[in-house]
């Protein structure tokens, strides 16, 4: 019986894939007739697919329930103390679009933190006050000039013919504010018109004013009550200027983003020629920088010779707050020199012993660029992913808003001082003044608090919000997984074509996308579910951290940091494993667990190749993103700062040139990220296929390698070196 032939031993790679497969428990059989992604396949992880579809149906039903019970107008329009919308068409408040606070100073009350509502009457008005007036002043001026009362009465709850009530009665009935002061609308609410004169905060050009109850207040108190609204109002002016800049430069921004897209495409295509050059330039740069650091440390070490106190050790001077003292010691620079020498030797040794793996990695980078050149439709796929993600994000946001605005208006007892035993209890504003609560707590008010209810639906609003968030995470990860699997299938079709590009099947991306949807929805949903669960735990941990920040001991903070670090590492590991599992699913059509196991075993048998490949790929992609964003950023800077008048004339009347500049830079980086994410998936797929090719084939006529000629050339050189040894 003829002995089974093993693939040749390759220096720096696999020595015997069959024996090493036993070490990692890989019992996969090797099909010599395998020629690329399997066409005949069956549905995988059907149970998870059914669960995923049921969750989507439940998500749609939740959206319908939220749509029926919610009212987004409650977010768009401010609500007065009676629960009525300001500015709503078809109501008495149609022309009253702004919310006015009777006593904004009461907003500094501690009850605001508890109830999230300012404990004062709030009404809808058509415009904000423009002058200082008090109710007592109106009572005196009413007899000689009724126009003052006509102006003042528009800020009362109802039409009152004259100011006949006493100040005490007005305070009890809450019919009118005790005082008004100059304000301006922001976010459809009246806030004080703050300004600064000679470094002093003023309101309507006044530093002090009467609050209508016999007390003199200053602008600082009002600012504290408004809770820093003055900064927000200043931000509004900045926002207007930013909007003007966008209106002036929008077409330049679009031109810059278009150039970024073309530059990203060009960079990916040219990587087949420049990948090796970029890597070795970077590597030599790192070696040179470390060498300069060693030389600099030696110079500092020599210059300090003979200096007073330079011979002292770190132990002698102990811990010092002035860090510069450590740089006056020879021992410090000697330690830095030793560390840099060790790092330099480490880098050189890695380059010497891993040179073959680095050559293979660079060849794979070039091969990825060539694959994208043969399948250019893959560069358009990120647009489809962006559309799917936009739909998921929009649906989640709409449901969250409708759930938050579900229910009927809930009114609660609010007192300015917060010292009533009935504080925060529900009440009915129509009969509140006749109840015992109004008598027991003078000055208490029954104001609108939030929207809610006592039905079964309203009792589970929080649960529905959690469900909304979880399914949102699941869908987002599923969309990303679908893109990775479709791209992997397309690039695998390229690799396993023996004669490239003649043997590449037609429409490889479309066919791979169809296979992923038709056969592997369950597997993609399974991997997405695992990742969504980890992300949900991370979000819960962050939420608890925010809620319990003030009540944490040192031990709890330490445990929280440990958990946060563990979940972060777990998410990264799951992402890496899922991505490689999707590649195996695209090639072999197996279920998620088996694909993940096969991918893990394959990578473990080639752990050094994986480490080198990841680092080289990460470097090239990061360099590409920085290069694209940097080039576009430099051009945008020269344009928006009028430094290219001889070549092209840019916008001349910008308030803040950094607004369109940052927009162009960030947008260019995101566009480059979209292009390079396709490239990264291409490299990942070709790398997995390359490892499979090494294990399945031996380069003979019966079992030829499917790799490109450049990879095959490197492989033959390694085999020749092995035979000499």
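Indices start at 1 and increase along the chain as displayed.
The backbone N, Cα and C atoms fix where each Cβ goes, glycine too.
Predicted, not measured: the structure shown is a model, and the values here were computed from it.
Residues 333-351 are the range that TrEMBL records as transmembrane segment, among 200-218, 219-237, 314-332, 333-351. For the ranges 46-68, 69-91, the feature annotated in TrEMBL as transmembrane segment maps to 46-68. In TrEMBL, the annotation transmembrane segment applies to 395-414, one of the ranges 175-194, 395-414, 415-434.
Of the recorded ranges 250-270, 277-295, 333-351, the transmembrane segment (371-389) has the largest number of C-beta contacts under 8 angstroms with 250-270.
Among residues of the same chain six or more beyond the transmembrane segment (469-497), those with a C-beta under 8 A of the stretch's C-beta atoms are 34-37, 52, 55-56, 58-59, 368, 371, 374-375, 378, 381-382, 384-385, 388-389, 392-393, 395-396, 503-505, 508-509, 511-513, 515-517, 520, 524-525, 527-529, 531-532, 535-536, 539, 578-579, 582-583, 585-587, 678, 681-682, 684-686, 689-690, 693, 706-707. Contact count against the transmembrane segment (395-414) (Cβ pairs under 8 Å) is highest for 46-68, out of 46-68, 250-270, 277-295, 517-541. With Cβ pairs under 8 Å as the measure, the transmembrane segment (250-270) is packed most heavily against 619-641, out of 46-68, 333-351, 517-541, 619-641. Segment contact holds for the transmembrane segment (333-351) and the transmembrane segment (277-295), given three or more CB pairs below 8 angstroms at sequence separation of 6 or more.
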